[in-house]
Amino acid sequence: MKNVLAVFVVLIFVLGAFGTSGPAEAARDSGTAKSGLYVEKVSGLRKDFIKGVDVSSIIALEESGVAFYNESGKKQDIFKTLKEAGVNYVRVRIWNDPYDANGNGYGGGNNDLEKAIQIGKRATANGMKLLADFHYSDFWADPAKQKAPKAWANLNFEDKKTALYQYTKQSLKAMKAAGIDIGMVQVGNETNGGLAGETDWAKMSQLFNAGSQAVRETDSNILVALHFTNPETSGRYAWIAETLHRHHVDYDVFASSYYPFWHGTLKNLTSVLTSVADTYGKKVMVAETSYTYTAEDGDGHGNTAPKNGQTLNNPVTVQGQANAVRDVIQAVSDVGEAGIGVFYWEPAWIPVGPAHRLEKNKALWETYGSGWATSYAAEYDPEDAGKWFGGSAVDNQALFDFKGRPLPSLHVFQYVDTGTPFKN
């Protein structure tokens with residue numbers, strides 16, 4: 001009887017600790033694994049699955065005095081730290097001319113070709129491939145704006161198409177000459193309804209093909225990706241993929257942004273990507289994702305999440321952040337062999353200084369372009385950057401803390417292969 005009672009008491013304790021969902025769910029909520037982080041193994045994951053990050057702001061951050069550290073608390077090249085954490089791919093955005101006539105940068109990393117080459121060389125030196133993300137704009141290109149570069153503003157369409165082809169080819173030639181291991185090229189960024197100032201899909205398709213041609217002629221082994229967003233909108237991706245097919249656009253990868261607080265369910269993401277892959281024989285991936293680990297603002301510039309009205313399906317904790325990344329990887333893997341990878345957006349865009357030092361932060365953002373936009377960008381983007389220029393809106397979604405130390409969630413990239421064991 002005593003033995004039976006003892007077993008009953010232990011059972012009550014276990015259920016009280018983990019609830020009826022079991023230790024896996026409890027660990028997923030609290031991170032009770034040996035590593036301090038619980039990551040469930042991703043089923044069906046390809047051995048060559050892309051575990052990527054976009055660290056486009058890194059040069060500007062380092063120029064602003066930001067340092068990064070390894071697990072032991074010693075300063076270390078962030079690219080080495082990323083590689084050690086299981087990252088195998090780096091994405092970098094490329095703007096044609098993100099400067100005003102006096103050479104003042106628009107911010108957001110001031111990501112021109114020179115910056116891309118610096119980042120690409122460091123990625124290659126640490127054994128990671130590069131995804132070159134051409135925006136074909138002088139600043140941010142997204143569904144709300146796809147402004148042509150200043151130098152192309154007065155070109156007719158045929159000349160613009162030629163300029164896009166030549167710019168792509170010359171840029172890739174320079175990157176290859178620098179010894180960069182380019183694995184993929186993105187022809188446009190979140191091009192839901194525009195590209196380089198064009199909004200007609202017949203013309204957009206010709207521009208896509210001009211960029212694709214430049215890639216094919218540079219290196220036939222480089223994958224060509226097209227990038228879209230808002231997978232939660234019913235029928236959007238089916239319509240885009242059919243339109244690309246109808247206009248005979250040459251590409252390999254249909255890429256999607258997926259931010260959990262904006263873009264619907266993971267089930268839907270898998271469904272719409274599977275439909276594109278199965279119908280048109282394309283590879284698919286997530287080119288951008290991220291998640292919050294804290295609600296704190298690190299630099300005095302407001303963050304994009306969390307906010308009222310957003311759907312946050314995981315806790316705003318380091319463990320919740322790891323859950324979110326792991327689940328996006330699973331969603332893409334669930335597509336099957338066509339699901340090739342996931343990129344985390346700006347995991348190192350941490351504060352250049354604490355929030356209470358806002359005025360000093362502003363000076364660094366303006367000088368080095370280490371915030372999302374400078375006041376100089378107003379001439380090119382008056383309605384957005386001109387009004388809301390400032391610092392990092394995603395410092396609370398980084399995979400490093402505000403002082404540059406790696407969070408446990410950074411290791412989700414290596415843990416998805418095996419999972420993490422529980423603490424004893």
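Glycine is no exception: its Cβ is also placed from the backbone N, Cα and C atoms.
For Glu190 (active site, proton donor), the Cβ neighbour count at a 10 Å cut-off comes to 24, with all displayed protein chains included. Under the three-state DSSP scheme, Glu190 (active site, proton donor) falls in the coil class. Annotated active site, proton donor per Swiss-Prot: Glu190, in sequence order.
The active site, nucleophile annotation in Swiss-Prot covers Glu288 and rests on a curator's inference. Cβ-based neighbour count (10 Å, all protein chains) for Glu288 (active site, nucleophile) stands at 23. According to DSSP, Glu288 (active site, nucleophile) sits within a strand segment.
Around the Cβ of His263 (substrate binding site), 21 further Cβ atoms fall within 10 Å across all displayed protein chains. As annotated by Swiss-Prot, substrate binding site applies to Asp142, Pro143, Ala144, Lys145, Thr229, Asn230, His263, Thr292, Lys307, Asp384, with the evidence given as experimental evidence.
Taken from Swiss-Prot, the feature Ca(2+) binding site applies to Asp297, Asp299, His301, Asn303, Ser392, Asp395. Secondary structure from DSSP puts Asn303 (Ca(2+) binding site) in coil.
If you look up Swiss-Prot, you'll see 1-26 marked as signal peptide, on the strength of sequence analysis.
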Distance, Asp297 (Ca(2+) binding site) to Thr229 (substrate binding site) (CA atoms, angstrom): 26
From Asp142, His263, Lys307, Ser392, Asp395, the binding-site residues whose CA lies within 10 Å of that of Glu190 (active site, proton donor): Asp142
Cα within 10 Å of Lys307 (substrate binding site) - qualifying recorded positions among Glu288, Asp297, Asp299, His301, Ser392, Asp395: none
Alpha-carbon spacing, His301 (Ca(2+) binding site) to Asp142 (substrate binding site), which is rounded to whole Å: 21
Cα-Cα distance linking Ala144 (substrate binding site) and Ser392 (Ca(2+) binding site), given in Å to the nearest integer: 19
Coarse DSSP state, helix versus strand versus coil, of Ser392 (Ca(2+) binding site): coil
